[in-house]
Structures are given as structure tokens and as C-alpha cells.
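According to TrEMBL, the protein has these features:
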type: TRANSMEM; residues: 25-47; note: transmembrane segment
type: DOMAIN; residues: 41-287; note: domain 'G-protein coupled receptors family 1 profile'
type: TRANSMEM; residues: 59-78; note: transmembrane segment
type: TRANSMEM; residues: 98-120; note: transmembrane segment
type: TRANSMEM; residues: 140-158; note: transmembrane segment
type: TRANSMEM; residues: 204-225; note: transmembrane segment
type: TRANSMEM; residues: 237-258; note: transmembrane segment
């Protein structure tokens, strides 16, 4: 194999989610349906928000950006996984693996930051309604979204550089259906203790920190609404509960994956399916069904 970047490995083998052909066909069907729902549901939200002037509030602006990120996030892993499940071709070039790893963390961390911004938007709208328009002005919303993307890029480039510093001389089988930091680190021909700690402090603490901020914001909203349980506030409380369910589906697999040393537990091939496939599928369902304005706009569209 060619030498490059202190590595003799030119490609990796993605072992996928199952070694049984019947289960592979079952997962192909489930993945295809979920990916189609992600694309159609999120595209429908984007088109609806962009074409309906009534959906011009910051909440819907952030929701359309979340839908765009969900499409990008799922598209990083799902198409290759579908091809591998159908054709059995599991090889991925070293450069392609590093690119997939980079974009996975770039888009994934940007989504985490954006969900945190959306929680701040909900907190401001419910707890500080008189200042909401001034705080969440359109220019501020654009700045917050841009900051999410910049933060995601910085996080991802750090992760990718850490991986590129490691030598890979075999084996090259990755126990997953996409390239990610923990399974790739296990294949390095070097002591990876420092890299694992840096990975945990980067991806793990970012996931945990954003999740705690989200939970804290919803706790503050709950405390604010406790004394004012009118019908409108019950609706806001129900909406917050559904949002907590969605972010839990995204954050818990990430915290479980990254906030632990890479070699302490065997890789669970199914844990990341929740965050990479099914969580982006749930976003359009939850955010659309919980908003009468969006449903009405979709019917008009």
C-alpha cells in the first residue's frame, strides 16, 4: 500500500449494521424510508417557511435552518450506507473516510449549536416576551446561525486534524456503517490515549454542554409557566416537552459515543442509527405537528 501521512492504509472496510443478508435488506428498506422522510419532510418545511410571509418570525427562520442541517447531516451517511447494504460494496478510500468524518462533525455540531439557539429563542419568547423582538431581530438571528456554522467548522477541523496525525498500518475494518472518530481511532498503530482524551473533551463535552444548556432552558421555562397555566401556556409546555424528546434522541447517542474512552466498551452499531437517521426524521414531524401555523401553511401550499 502507498505510504502517505505515516499511513499504509489506503482504504477502510465499513462493516455496516449487520452481516446477515436478510437483515441487510431489512435495514436497507428502513434506511431508505427514513431517508426519504428526512428529505421530503425537511424540504417541505423549508419551502413552506420561505414562501409563506406569515412564517417570518425568528422561530420559523431557525426551524428552516434546522431542516437544512438535518438534510445535510443525514446525507453524509445515509446514501453510502444504502449503497453498501444493497450492493455489498463496503470499501471506502482513506480520503473519503476522512471527508465523511469531517462533514459528519461539521454538520452535527452545527445542529447541536443551532438547537441550543432555538432553545434560547423559546426561552426569550416565553419568559421575556416584551424584549423578544429586540433580542431576536433578524440580524441577530443571522449572526447566531452563522456562529453555529463557524463553531461547527472549528470543532470538526480539530477532530479531523487529530485523526490525520495518527498512523494507520492495519487492520482496516471499521465496526460501523460510516467513518467516525471512535472506531477509526481503534485502528491506529500508535498509543491513542491522548487523542481519546482530546476527543472526549472536544466532542463529548460539547454534546454534554449543549444538552445541559437545553435542559436548563426548558427547566427555566417550566418554572416560569408553573404559576400561569392558562391554555396558551399549556400549549407552550407541551411544545417544550416534544422538543426535549427530539433533542434527547440526538444528544444521548452522541454523549454515549464520545464521552468515554474508545476502548472501554465495544462499538454499538445501532446506537448512532438513532442520531444519524431517526432523529433528523423526527424533527419535521415534531415541529410541524406541534405548530398549527406550519400545518395551515402546508395545506395552503
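Glycine too: its Cβ is placed from the backbone N, Cα and C atoms.
TrEMBL: automatically predicted annotations, no manual curation.
Away from its own ends, the transmembrane segment (98-120) comes close to residues 59, 62-63, 65-66, 69-70, 72-73, 76-77, 80, 92, 144-145, 147-149, 151-153, 155-157, 159-160, 163-164, 178-181, 184, 203, 206-207, 210, 213-214, 217-218, 243, 247, 250-251, 254, 275-276 of its chain (Cβ-Cβ under 8 Å, at least six residues beyond either end). Within its own chain, the transmembrane segment (204-225) has Cβ neighbours under 8 Å at 109, 112-113, 115-116, 119-120, 122-123, 126-127, 155, 233, 236-237, 240, 243-244, 247-248, 251-252, 254-255, 258-260, counting only residues six or more beyond its boundaries.
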